[in-house]
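According to TrEMBL, the features are:
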COMPBIAS  247-269  compositional bias 'Basic and acidic residues'
DOMAIN    61-188  domain 'TFIID subunit TAF5 NTD2'
REGION    243-301  region 'Disordered'
REPEAT    416-448  repeat 'WD'
REPEAT    458-499  repeat 'WD'
REPEAT    500-541  repeat 'WD'
REPEAT    542-583  repeat 'WD'
REPEAT    584-625  repeat 'WD'
Amino acid sequence: MDEELIANFVSAYLKKKGFKETEQAFQEELRHNKTNCSSPSSLVDIDVAKHLLSFSEAENIPARYLEGYSKLRSWAYNSLDLYKHELLRVLYPVFIHCFMDLVAKGHIQEARTFFNRFREDHEMMHLRDLQKLEGVLSPSHLEEMEFAHSLRQGKVNIKICQYSYEMLLQYLHKTQTTVILGIINERINFQVFPGQPSSISDDAELVTLTGSTQDTANQINKKEVHWGLLEDSLEERLEKAAGLLSDSEKAEGETKDGDVDENKKRTAEGGKPGSSIKKVKKDKTASATGKTLRAEANSASMAPRVKPELALPIISTEVEQSILEDLRNRVQLSSVALPSVSFYTFINTHNGLNCSSISYDGALVAGGFSDSSLKVWDMAKLGQQAGNTVLQDENDMSTSDPVTGHTSGKRPYTLFQGHSGPVHSATFSPIGDFVLSSSADTTIRLWSTKLNANLVCYKGHNYPVWDVQFSPVGHYFASCSHDRTARIWSMDRIQPLRIMAGHLSDVDCVQWHANCNYIATGSSDKTVRLWDVQSGECVRIFIGHRSMILSLAMSPDGRFMASGDEDGTIMMWDLSTGRCVTPLIGHTSCVWTLAFSCEGSLLASGSADCTVKLWDVTSSTKPPRTDENKTGTANRLRSLKTLPTKSTPVYSLRFSRRNLLFAAGALSKSASTA
């Protein structure tokens with residue numbers, strides 16, 4: 001066999017596989033051999049040459065992919081039950097890379113046949129991934145689609161026990177299926193551990209299609225995050241007030257004891273104790289309030305204080321006093337003191353309601369509709385008219401000014417019209433004087449609830465805007481879109497202040513951190529990212545969800561974050577480490593909304609399964625004791641209560657400043673039968 005022909009083939013093979021340094025070394029060695037007039041003994045072994053050529057031929061035959069995968073699949077399914085579930089983990093990455101390799105080589109029809117024949121094996125665990133890959137119809141799609149591109153760039157991490165790993169190696173050595181061997185060698189990173197195989201219930205956590213993404217996340221998660229609360233916040237002022245109250249109680253303690261003793265003496269002598277008893281009860285109430293304030297102050301004082309990175313808006317004295325009054329009258333919640341819940345039900349929406357939002361005091365409720373309208377109900381006026389909390393959409397189609405709101409006629413709501421596409425999200429400012437809406441028309445609109453008018457139309461996104469959220473201090477807001485970006489805005493500027501880019505798919509939800517220095521974004525790429533609003537830099541990547549993220553919530557102290565996904569799973573994250581503290585398992589459908597109670601002891605979740613669930617946060621965030629962790633579930637968040645609705649998926653939740661829980665959703669006849 002001609003040595004030059006073999007050399008050319010080896011060079012082409014190395015180039016094709018991307019081994020640039022090896023190719024250069026090989027070329028230099030060839031040049032060196034030519035100059036030195038290499039002897040016949042330097043010729044490549046004839047058996048090695050035949051093996052290389054047969055490998056090349058095997059690679060180019062699509063049938064080899066089908067045959068190789070079929071044999072591997074049959075072997076895995078017929079293996080010992082003890083190790084079968086571990087060996088089956090190898091099939092999915094081999095399946096998708098066989099498909100993508102066939103597409104890359106131009107065998108489109110064979111790739112489609114292969115994909116359709118075996119896709120049912122993986123639909124239960126990887127349905128959304130398969131739906132994305134189904135759209136790959138040409139080699140150029142592999143480069144254009146970021147999801148496919150990231151899969152081909154990175155490796156799949158699979159945890160497997162030592163014996164399963166050895167069995168797999170023996171099978172590959174015995175069958176000599178070079179195509180499958182090449183894919184496993186290039187695309188899978190095995191994390192082998194000694195002992196017995198892992199539990200079959202852990203399969204979701206033991207196969208991660210992240211590869212280089214995980215490495216990137218590990219690097220990014222080393223960055224410092226200042227998760228504390230803002231200096232000189234209203235909560236801090238309340239904390240100081242509680243401290244002063246505590247000091248005054250100490251000074252008055254002896255006086256109160258004296259009053260009680262004197263009251264007992266009067267009672268024994270037959271005197272009327274009424275006025276004295278009332279006074280003692282009042283003092284006890286004041287003392288209990290002081291204890292509540294101190295408990296909240298202690299939890300707040302544990303959080304470090306940070307300086308704001310954004311210029312904070314000035315709050316009027318009247319508004320500040322109103323907020324402080326709410327904070328003083330806040331109900332202290334815990335696992336034994338659950339909140340009162342007020343549920344607002346939309347009726348007659350005819351599947352037209354896309355989103356809902358509740359103001360901080362629960363006085364206003366907004367609904368975004370598919371007919372491009374935004375409607376706001378005033379609960380005080382609704383109560384006067386109907387005497388209940390049912391929100392009725394009358395589908396009034398009368399014409400009006402395109403960018404104004406009005407309450408003419410018999411409507412129990414204010415109608416805001418201006419968008420030219422379905423409204424996907426709405427959010428109230430902290431005071432309730434403004435409401436923002438985002439739409440499929442790629443714009444965000446600012447409305448005044450006082451003037452009932454559209455004030456500004458913000459343009460910047462290139463595709464539908466899925467979510468918009470006011471910051472905790474107002475003035476600033478964040479949005480996210482199908483264009484895979486999130487943006488920071490201020491009310492007084494029509495252009496975004498920052499653009500956050502990095503997600504590989506739609507950014508579906510956005511949430512502000514308590515100190516306004518960070519925003520979190522949840523995406524269809526199954527990750528959550530935390531961004532610095534000043535630099536626009538990604539400072540955390542949270543990996544662990546198995547489906548798209550639909551909801552986010554930040555704890556009041558700023559240390560923890562909760563995220564809910566399409567499968568019904570909620571995960572609690574520690575922002576300082578970027579790790580999952582605990583998963584919350586219980587919902588059976590999409591988790592559309594999450595909300596922390598004001599002191600941070602409870603988490604409420606609302607789902608398409610028509611339930612509101614309350615979770616005990618404090619039990620999960622404490623470090624587990626050794627004697628409590630025998631079962632391995634001590635650190636799992638405890639579900640306190642499930643509140644089912646008759647047939648109403650839960651769209652939004654809001655804890656008021658006084659810790660009353662508000663919820664909203666649209667009555668759905670199909671939900672009861674689904």
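From the backbone N, Cα and C atoms, a Cβ is placed for every residue, glycine too.
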| In the same chain, who gets a Cβ under 8 Å from the repeat 'WD' (416-448) while lying at least 6 residues past its ends? | 319, 354-361, 363-364, 366-376, 400-405, 454-459, 461-470, 472-474, 477, 479, 481, 489, 491
| said: Within the repeat 'WD' (542-583), count helix residues (DSSP H, G, I), strand residues (E, B) and coil residues, in that order. | reply: 0 helix, 24 strand, 18 coil
| task | Using DSSP, break the repeat 'WD' (416-448) down into helix, strand and coil residues and give each count. | result | 0 helix, 20 strand, 13 coil
